[in-house]
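Only one structure is covered here, and it is reproduced in the block below.
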Amino acid sequence: MLVLLAGIFVVHIATVIMLFVSTIANVWMVSSSSFGTVSTGLWLLCNKTCNQLSVKSGDETSLKVVQAFMILSIIFSVVALILFVIQLFTLEKGKRFYMTGAVMLVCWMCILIAVSIYTARFTGKTQYVTNPHHGYCFILAWICFCFSFIIGILYLVLRKK
């Protein structure tokens with residue numbers, strides 16, 4: 001049981017780190033242009049230099065929502081990690097990690113909303129570029145989506161022994 005809890009803790013820390021990387025780095029979409037490789041993220045458009053990401057006025061709200069939900073997912077994931085450590089030392093034997101699991105599933109829902117909106121609104125809609133494809137940050141966000149769901153369910157099922 002101790003090994004299982006340690007494994008979940010390590011995966012949870014890895015999920016937090018991957019959420020930070022996927023939110024901060026600017027490689028959600030990668031494409032080619034006459035100027036070279038172009039990468040766009042949630043914050044910047046990078047070619048050889050990085051500039052503020054400009055989107056159409058209709059997509060600006062969607063981008064802000066994606067940014068907000070990715071930040072919320074980081075916050076909920078960190079809160080769940082802290083809550084897990086607190087519950088690990090204060091929870092009575094035989095009790096389940098309900099609060100930690102619930103917070104982690106809220107994190108999962110935030111990731112789902114953010115990545116789904118990004119997929120629907122921004123995939124392949126960059127102008128003046130060829131061969132657009134998803135970058136590693138987009139893939140990391142989907143991996144975090146899977147990990148946070150698995151971790152959240154495991155927290156709900158596991159008992160402290």
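Placed from the backbone N, Cα and C atoms, the Cβ positions cover glycine too.
Because TrEMBL annotations are produced automatically, they should be read as predictions rather than curated entries.
Copied over from TrEMBL:
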type: TRANSMEM; residues: 7-29; note: transmembrane segment
type: TRANSMEM; residues: 65-85; note: transmembrane segment
type: TRANSMEM; residues: 97-118; note: transmembrane segment
type: TRANSMEM; residues: 138-158; note: transmembrane segment
Maximum Cβ pairs under 8 Å to the transmembrane segment (7-29) - stretch from the list 65-85, 97-118, 138-158: 138-158
Residues from the same chain, set at least six apart from the ends of the transmembrane segment (97-118), whose C-beta lies under 8 A from its own: 12, 19, 28, 42, 62, 65-66, 68-70, 72-73, 76-77, 79-80, 83-84, 87, 91, 138, 141-142, 144-145, 148-149, 151-158, 160
